[in-house]
Amino acid sequence: MLGDTTLKQLKDEISTLEYERYIKQLRYDEEASRTDLAVYIAPNQFIANWVKTKYGERLAHLFELSTGIRPKIEIRLGSLKKDVKSSSPKAGVSKGQKSTILNPSFTFDSFVVGNSNRFAYEVSQNVAKKQGIAYNPLLIYGGTGLGKTHLLNSIGNYNVAKGKSVIYVTSEQFLNDYLYHIRNNTMDRFRDKYRACDYLLIDDVQFFGGKPQIQEEFFHTFNELHNKNKQIVLTSDKTPKQIAGLEERLKSRFEWGMVSDIQPPELETKINIIKKKCEFDGIYLSNEIISYIATNMDNNIREIEGIIIKLNAYANLMNQEITLQFAKNVLKEQIKEERENITLENIIEVVSKELNVKPAEIKSKGRSKNIANARRIVIFLARTLTPNSMPSLAQFFGMKDHSSVSKAMKTVKTEIEEDANFKMVIEELKNKIKSRN
């Protein structure tokens, strides 16, 4: 296969160490690839990111040298075993038409459930077990990296194991597939593929916004599947009503079944996610390190998991044990970037909303209990989440000197140590602030 030949060509251009560690871990996905798209499967996000960033352009060039066409290079996550398919062959869905591969590690068992995602998890399980009966369609919405794709794959993997026909694609892949069949005058094959499955799973459906041609095609696909009691599951970064450029008839249909959100994970859930990831990958991190990562990184689960892989990779490359100091050194730039992205105004906005105190009151010299408490919390969070110094905060709040800031910090720290509920409030405020950036 050309994809494998291209990897062998790349082998001659790079070091043996790089080839063994990264390129050798890839598998060319012939079924998902086309003349304008070359798809490789990687075992984890770290390798996928590394190959895409460092070798993506070179791989595209090597393809171009052989075929005269420069394809888009996609690195997807999945099993390296060649017999893993995204759906079971059934009449009308031929084996050669599978558009992508489900991530075998994304199952209901590997999904970490917390207050932030419990409802979406329960609804997804219900839909997986009751095709076209429980909620059809199911649309899960929420920010990037919160677990929407994990649940989508979980539904797919559960039903593949049951012998069901499953198609899982991103909305961009659906569009590219549509354009490919339009160009080749094979729309009958496209419709056979997407309208003859038991489960149609589409990720990031907000991508359809502003694209009337693909919306028209999907409208008819949706209707045919729904009329046959076939299950449709969609994800989006916003509610149907918030998707700009989406036709009203599709917005209406997306709300026919169930619309469920996923919120940023609370601290306890983040800790459990890290522990689960470490257990799955056979990586040991102390509770101290796990707590450090959960507290200092944002709420994007995908990024948190990538950090764990990065830590482990650095430790292996440098032949070092992962200690707290080692973790701090490896992650310091990412944490610095996190802190620089959060502003004092962001913090004031969130705290004022959650504690029901006006932003102007927090910035004032008002001394009522509620206002003073909110101001102390803002100061504590600003020192924790941003690069603001104590003198700069004292100046912002019109205090005499930074000793007043130090006193506010000490008061909040003491209350955190003595009151578990207050500590939880602070952690939730941190999460809400980080999720806005």
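Glycine is treated like the rest: Cβ placed from N, Cα and C.
Record features (Swiss-Prot):
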REGION    1-69  region 'Domain I, interacts with DnaA modulators'
REGION    69-100  region 'Domain II'
REGION    101-315  region 'Domain III, AAA+ region'
BINDING   Gly145, Gly147, Lys148, Thr149  ATP binding site
REGION    316-437  region 'Domain IV, binds dsDNA'
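Known features from Swiss-Prot, placed on the structure.
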residue: Gly145; record: ATP binding site; Cβ neighbours (10 Å): 19
residue: Gly147; record: ATP binding site; Cβ neighbours (10 Å): 27
residue: Lys148; record: ATP binding site; Cβ neighbours (10 Å): 26
residue: Thr149; record: ATP binding site; Cβ neighbours (10 Å): 22
Per-state residue totals over the region 'Domain I, interacts with DnaA modulators' (1-69) - DSSP helix, strand, coil: 42 helix, 9 strand, 18 coil
For the ATP site built from Gly145, Gly147, Lys148, Thr149, further residues of that chain with CB within 8 A of the site's CB center: Gly142, Thr144, Leu146, His150, Leu151, Thr235, Ile262, Ile301, Arg302
For Thr149 (ATP binding site), the three-state class that DSSP assigns: helix
Secondary structure content of the region 'Domain IV, binds dsDNA' (316-437), with strand meaning DSSP E or B: 95 helix, 0 strand, 27 coil
Averaged pLDDT score, the region 'Domain I, interacts with DnaA modulators' (1-69): 84
